[in-house]
């Protein structure tokens, strides 16, 4: 729609464009956004918002996929509420797509950004049973989530163990990937036994679903083997947008549990990073272009390492660098609308006028016409998104008027400069002329009529005072306005500040005074190197004098307070400035550019650039270092020469560890103190050297038959002195002369087990250990005497017997073994049909005992039991299997208490017989526990009757517990509370989820 503005005739006044009475085009206050509608939503309605501010009010049209929606179509599910579009009973194949709204009034039309409508869903997991996962202890495991089909944005994942809400705690050993939902266990142990379920949640539709349980069965393995680090979760190449937060995932299987380390190959990790989830997550917050690059995660354990690299590319959503804004322009004038957007990839820009596309690359007008008025939109777009800039252009013409901006009364300082403004409302630009009193003015050496119509006067004198009139005239009419010029005395500095020299911590005064026109007020402003000093906010260090003599006190001066101080005396008419310098002497500034220029295995030579001496010569330097093992602790380094003079910029740091990564920093000192440290030098490593430290605490012994176990305390990493660090283990029988040596390549190893069938048991060996690296071998440790392993027991226990004690307990006994090398016995028991030997329970018994009680058994079940001796070398042969049948389960139902009677100083409690179920043991009698409330012990009675008389106590509340007794054990409890012999007896009975309250008055 093209709209012409009203042409205003000569003599008519132009109205202000900011006055809403003139009207204006639509300005968006609310626009449609991306909407995910849950397919299972109980609210069968979608609302897309569109609201504008406009005068006259706007009308609205909506489009779906660029096609106008007919709101009046028969059977339409669309309706308009204000400018909002409401979709009733939405249907996916009919209403999914991109929506936009158009708002129009007499000034033009604007188009909103697009808002998509998507239908979100999250299906249930497959109902198929999940297979049991069996893994040897020490190995890694991966439980697959296999999330169901969904369209609901990003899913989040958690896992539960056995039942909700027992969530799997995540740590160094366990990790849930948020990219595929899988649960990763780096090293399985016996505590991981159980049933696992994956929970997939969709925040956008507020729905979660659970997978069927996955049984995980760890298989016992002795000894538990170790496995090298193996990365199973590897982050893909990732594209991030500027300002986004992203997470990179890495997780490894292995035993010992691997450590995860992150780095960026092009340099240090960005300052906006955070490592979380025990190293498995690298978070990058508020990503910027410089964060792009190649990232690497490395998984390391004592058995090996694995690494993965991936690329992070950073791109950007379109963003305005320069955009259009609403404006009014003169008829016939030149005008260019400018829109510039940044983004990656570079955004494409296109234009709309009143909602219609313009086939133009730039909006440049050489001579504006009324037809150019309207609502303009520039749109910047790349594949990450779209941004809109909206503006109204008005082309107008009218005669000059000074009604809103007349020529004003102006004050000017004597000998100064003044500009008297002439700013009528007018279009197009008029011709200007000026008069003083009755004299017409023209340009001279002191008086100028400027391009914008203002009048400039230089070197003002008292003779320039008077009334000044501005005349403006164009083709539409003419007007004039008159103002006055008054001349005041100029402001002068009468006491200028002087240069001051102080030490850090001292006070300094700066003085300033000025004369000025008596009819005007004066203020003083102090600034430091061009920055105005806020005396209120900076009152800790600054204080000023009176209004007329503005002395400035600098308190407790610091180095940062040095510089050029300016005092400005200012009136409403003019100002004048005087300056002086403050010198603050203090400790030296930080040296710069610290770097390593030469290095050996135990020393490095540093070079640096001297910092500011802060007006006091540097007398010496101090060097500190920190290494990669104690990263946060800075230590003073020994140097050669020992004293580093202040006139040097090079020194050698000695007594360092070989093959160790160091950082260095330098402090400077003068007579006023020691300054701030330099920035740390780039990290650098000393050269390699042969190890000089031997392992300590050589010991050993034990182990399984035909083994020699040697142990030691590993060498600390700072003593590795080079790569490829390991140990050489030497050993020989005590009476032999020939040493045997074995190489252990793991620097963290603390034991070596030598297996050989010819090694006799309990034979004494001499052993010693030394370290080596790529440079050579270090010295041996002290020699130790240790013994080879004894043999495992060779006989099985005999005469194994036992009996069931109840539904859950049994007793077992056997003849003890007569061998001297027995440390104890292991009793293993399992249900012969249901469990199998893999699911057996175990009890360990000391060697001095030959019997034990088995607990935690299942009622009415046949158990197989075996006994074997053991020692440090292992387990002996098992006994013959003993079979025990546990008793039936005790009654599951409690007795039903049916009454009580007071009989003098006693109370009679009666109950109904308990009828056991077919699977439960028959009743042998009843047990009654009589105890004071709050106490766990009391008097236990047994009876075969269905009642009992109990003594009634005068004070306190007592609890009576009644349960049936059988050969399978004690049954469920019925409970009653008795309160003294006062007014009432109150008792509560808990029986199968209902409560009976009886109050009996005496």
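Heads up, the Cβ atoms here are built off N, Cα and C, so glycines get one too.
All TrEMBL annotations are machine predictions without curation.
What you see is a predicted model, and the numbers here were worked out from it, not measured in a lab.
Per TrEMBL, domain 'Ig-like' is recorded for 26-118, 123-210, 228-313, 318-394, 400-488, 491-577. Feature annotation from TrEMBL assigns domain 'Fibronectin type-III' to 590-689, 694-791, 796-889, 891-985.
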* Asked: Taking the domain 'Fibronectin type-III' (694-791) as reference, which of 123-210, 228-313, 400-488, 491-577, 891-985 has the most Cβ pairs under 8 angstroms?
  -> 228-313
* **In contact by Cβ distance (the domain 'Fibronectin type-III' (891-985), the domain 'Fibronectin type-III' (590-689); 3 or more pairs under 8 Å)** => no
* **Per-state residue totals over the domain 'Ig-like' (491-577) - DSSP helix, strand, coil** => 3 helix, 40 strand, 44 coil
* **Selected stretch (most C-beta pairs under 8 A with the domain 'Ig-like' (318-394)) from 26-118, 400-488, 491-577, 891-985** => 26-118
* **Tally of DSSP helical, extended and coil residues in the domain 'Fibronectin type-III' (891-985)** => 0 helix, 57 strand, 38 coil
* Sort the residues of the domain 'Ig-like' (400-488) into helix, strand and coil with DSSP and give the three counts. => 3 helix, 48 strand, 38 coil
* Mean pLDDT over the domain 'Ig-like' (491-577): what is the value? -> 91
